[in-house]
Amino acid sequence: MYYTRITQIERLTDEVATLYFSISLRSYPGQFVMVYVPGCEEIPLSLSSSNSVTVKAVGETTASLINAKEGQYVGVRGAFGSAFTPSKRALIVAGGIGIAPMKYLYEYLMKCGSKVSVVYGERTAKNLFWLDKFDRITVTTEDGSFGLKGTVLDALKLEKLDEYEKIYVCGSEGMLRATYDFLKERDALDKAEFSLERYMRCGIGVCGSCVIENGLRVCADGPVFNASELPW
């Protein structure tokens, strides 16, 4: 485990913040780290760059992180897990805090000269962030307060999916499964990669707490899976 100093905290919404570390990890988009705050449980977090995580306050540890102070030290293990497969023509589909690892992926692909489009969905406009980070982006909100009213599926209906080599998906379990079903109906599932999230204890495939229905471990076999690997 590394003990790293928080060099900067960028508050993005009332519930979301990006924490920048004093170390840069050897990592690829899609991988995650285990983060430890003294007095709290160690948790997995996707990297939003080689030296940052973007966190939504949903529990004790995440609340402690977004309310941390610059200069504070936290423990970090990783990076762990599988990464997204690069492609030249890519569609990124993100729901909610699922946009966090996708920014890392987007920046990586753009440096590789790829053509990248983004679909980003939230419940309401006040939850949106990073809209200025993406050149080609379609935004959806469920209440219609910004962009297209509806979910990411409504935006996907407007996309010519056959133009993309890869479709990368990250979001809530419900969003992932709905997108999986949609892509299956459109015969586009073979080009899709999904980033899953599960409760983890070890992060290295030993404890078995993150096993999915077919026996694969999100921490060691994922968190990025080809659609064909998922039991949906």
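Even glycines carry a Cβ here, placed using N, Cα and C.
Note that the structure is predicted; figures quoted are calculated from it, not measured.
Look at Swiss-Prot and you will find Cys202, Cys207, Cys210, Cys219 tagged as [2Fe-2S] cluster binding site. According to Swiss-Prot, the feature domain 'FAD-binding FR-type' maps to 1-86, an assignment based on sequence analysis.
Counted over every protein chain shown, other Cβ atoms within 10 Å are most numerous around Cys219 among the binding-site residues Cys207, Cys219. Within the domain 'FAD-binding FR-type' (1-86), the DSSP-based counts of helix, strand and coil residues read 7 helix, 41 strand, 38 coil.
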